[in-house]
Amino acid sequence: MASKSVTKSYDGVLTPAENGFVYRFGAMGSPCEVRMETGDADLALRLGEIVAASALRIEHKYSRYRDDSVVSQINASRGMPVRLDEETASLIGYAAQCYTLSHGQFDITSGVLRRVWRFDGSDNLPTPSDVETVLALVGWSKVGWRSPVLTLPDGMEIDLGGIAKEYAVDCAIQRLKTVSDVPALINFGGDLRVTGPRANGERWRVAIESVEAGSRSEGVIELSEGAVTTSGDARRYLMKAGVRYGHILDPRTGWPVESAPRSVTVAAPTCVEAGLLSTLAMLQGQDAWAFLKSEGVKAWVLS
Amino acid sequence: MQLIPHTTGNLTRTLGLLTASLFAATGLHAQDISPAASHSAYGPSPDKASATQDTASDLGMTRIDTAILFYQEAGGRVKATEPVTSVTFNGTDGEVLSVKLTADALTGATPNGATPWKNTQTFITPSKGQGVQTTTTSASGHSKTVTLPGTDIVASQYTAEPHTLPLDYGFRDTRYAVDVGYTTPIDPVTRLSVGGSFSSEQDFKSASVSFGAARDLFDKNTTVSAGINLEYDKSDPYFGTPQPLSIMSGLTKGGSQSKGVFNAVLGVTQVMNRNWLAQVNYSLGAANGYQTDPYRILSVVNGQTGAPVRYLYEARPKSRIRQSLYVGNKIAFGPTVTDLSARLYHDSWGITSVTAEIAERVPITSWLYVEPHARYYSQSKANFFHDFLIDGQALPEFASSDSRLAKFTATTVGLKLGLKLTTNGELYMRADSYSQTGDRHPATAIGDLQSENLFTGIKATSVMVGYTFAFE
């Protein structure tokens, strides 16, 4: 993509923090921060802006809320084949492999389910026929995909919301490592990754917040490499006849996963992997813990 | 919480390979930067615009006065629509019962208290809680729901553009108020009155009672009056009450807060001559309790550059003692009536103010009058007013950047038109223009803040249209 209006409106705020600085900005619907261990404020600001630029580039390219995003172009293709750029083709290819790997539980076409499911804490459940109608528009197997050409059936939509933020963290970490040796932690709305150990060789400490209103942190994760993400949102649910419907939807049925944990936190080498594993774990419902255990990933489950 | 031990499984291993090839394939991408599109917010309950009323007293009649006030601040700030209806029952023996109902619908934005800056600033606030259905205006596009890093706490985030005053968009608030008053003569020269009022908005409730007595002396040429008012307010901010001077965050804050207000007024009204009525009032008030604006913040800035380092919630003293002295005159020159008044005010927060006001009612015909009016107001700043705080300096006990606590002057000019449609019915319209001026570039501004406008006062216009009529 050509760089059009290069305005520096991504500026966030640089604040002194423990052993360095933290640069905060907003992107992809989330508060984002970069923690850097350096005494050089100018460098920290420059690095922070590099990360922000990287995040906003990805937001611009993959947000379904932007009419000029690649995702919106695909969704507006009305059944016509679309030739994708190299980066998008890689991401879509990756999502396609994850669809296969997860036996359809990870599906970038499942976003349309949101039309009938609104998790506002009410008892407004969609009817089975509502769900059935929308479900006709869900299913990666209905999509024509021969990289780099994508043919999305008319009426269907793709949504990279499930991996774009994680992907953005990974890209930003890579970008940061190529321009500086400053130890850093990048956190985009709870999806985070570190460049490596801290300056003193110690690990970064990350608190897992409680899902209970009013109570404090549930625990502390220490990491010297890799990424951590959290899935789940205890506040988004529907309640009917004493049954709680959490907001994790199974793309295969169109219905919420029963007895899903309230939150799953997973550590993995990259944010994209951690994010996928935490989402897949949620989709296992009450078997989330067993799934994570069999996969042998480092994880924390709040149920 | 369960901690799961670490050994690699199948899916994870495959995923690892896939991911590695994803990043190998996509590599690093060019720095094509798109302008950010983020923004949002929620806002406090802004200043109320209050309707002025003109009720005449008509012995033995019932008067109904219905008006609607439109209030609009410049720069897309607060907008209010306020319908008011009052009914006054006048007994034949001097008893008066009045009931007034008011509704306010407020929308718009208020300054959040942070200083403008040359770069975009991002602010975070708690998001609306479950069960609160009526308060956010995310449809306006200003507010954005986000998830706090490392948590699944949902918060709201909004930004302020470079060189613009940070505004909090957000709440549409609706206030309902009822005021009831009853006055009765107990002998030919003495009247007693009692009153009560209650007002309610989503995050604020207020109730008050008042008692008063008035006595005519010297052949009714002099009236002395005394009154007291007790008020109780409960503040229940949307996301709880923040700890004063704590860092702005998306976390839900503490519980509700309250304050009590006691007010006493002593007054003398004197007929000076056939054409001149004068009034002097002294009032003393004491408020105790929570008087901080729970939504308002201050910037803590770098001592050299003026760049924002963090944002703190403001803090105001719990106690405030107010005194004021009011002198009013009603003077008839031929057919015109002039209202001339002045007020001196001082409070324990360090604010001293003077107000001067003039209005002149000029009859044009027997059924039409015009009433131009002008008002001048000037105040000194509260002793804890700060445009911003400086990073590295000791925090003061109290601090606020509210322009209402700053040094400023304000002028109002307006015009009222009255049209007598029937013997007892009058249609009236009133338009006002209000403007505050203050120090846009205070000497205390540092670094790049010297080139920002730090005065956040308002310019506003209001229009009121009403109809009043009386019947037996």
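Cβ atoms here come from the backbone N, Cα and C positions, even for glycine.
For reference, TrEMBL has these:
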- A:Gly162, A:Thr279: Mg(2+) binding site (BINDING)
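Within the same chain, residues at least 6 positions away in sequence whose Cβ sits under 8 Å from that of A:Thr279 (Mg(2+) binding site) are A:Phe106, A:Gly162, A:Ser231, A:Ile248. Every protein chain shown contributes to the tally, and the Cβ of A:Gly162 (Mg(2+) binding site) ends up with 19 other Cβ atoms within 10 Å. A helical conformation is recorded for A:Thr279 (Mg(2+) binding site) in the three-state DSSP classification.
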